[in-house]
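A.B. asks: What follows is a single structure, and I will ask about it in a moment.
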Amino acid sequence: VVHFSYIPVALFSHLISLYNYHYIKQNMNWSAAQAYCRREHTDLATVYNMRDMNRLCGDSCKEGWIGLHDQQHTDRTWHWSLPGVEYNESDTNWAENEPNDKDGPENTVEMLKNFKWIDVPDRSNPSFICYDGKKLYPRVYDQIRMTWLEAQKYCREHHTDLISGQDQLDDLKNHTKLNGTRWMIGLFRDTWRWSDGNGSSFRNWDQTPQSNHCNWSAAQEYCRREHTDLATVYNMRDMNRLCGDSCKEGWIGLHDQQHTNRTWHWSLPGVEYNENDTNWAEDEPDNKVKPENIVEMLKNFELVDVNDKRKASFICYNGKKLYPTVCDQIRAHTFG
């Protein structure tokens, strides 16, 4: 779990010898739940595969703690997405000087045309490869654009999993003609561990859009991860150049740091705020619904200060182009 606050949910425990799950309807935090399960049963639940996941949930999955927790101060560990396929450092095919975290935390893997591997952020990529245990050959998707987590979910729903392990990749070399230059495969790394010490690689992260978590800070984090930052616009000419006819209203990178004397700053480091070059709407900024510490750009390119509690779309920026973005694109879990 990510946090340890007390919440009114239940928890699961399991007996390893019988491999049974027990739903415990009590209110406690994760640490207390772990202690309870270790005292009364064996440990918090470890989930090994989708069959386990369905058995744990039944027809109506209840909320509850399980044994997976993030040990952020440990080294990241490589896993194959398909449960039961073990990662073996001596049986890998990394490209030269890989893995290298070149663009920050790079926790997922793409395979190049020469079958060498590179570590990459969990970014959108046009190609990925599914493994299907019922068919002879892997299935290559080179027209569907997804993140690594979305591709994993797609492969599990339509096939078996993302292609995992050297044996499956060797089959790919022998039987499948590949179109394109790089493909996502089922290798990832993380710092998540199971409470009972089991090395299960199974993860089933919720990819439901988290609109209720969409605030300015989350939008800033998303833009920095996927592009460069929230939109930074120097003047109207710059706005017209970047936007053209495609701009929609949304949060931009201008914000007032709280507990200061209403001083505006751009999110992008190194960019100075210039009052004379800012296209405020009439009577703005007005701090009408205090505190209005962030800025929304309207469709006519005018700026208004708004409260962070108002959910809005937002606009990302990569130095060359603006990207209107909706809150639904912020997901519950992402890799690096």
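Using the three backbone atoms N, Cα and C, a Cβ is placed for every residue, glycine included.
According to TrEMBL, the protein has these features:
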DOMAIN    16-131  domain 'C-type lectin'
DOMAIN    131-214  domain 'C-type lectin'
DOMAIN    215-317  domain 'C-type lectin'
A.B. asks: Suppose you look only at the domain 'C-type lectin' (16-131); what would the mean pLDDT be?
C.D. replies: 85
A.B. asks: On the DSSP side of things, how many residues of the domain 'C-type lectin' (16-131) fall into helix, strand and coil, could you say?
C.D. replies: 22 helix, 31 strand, 63 coil
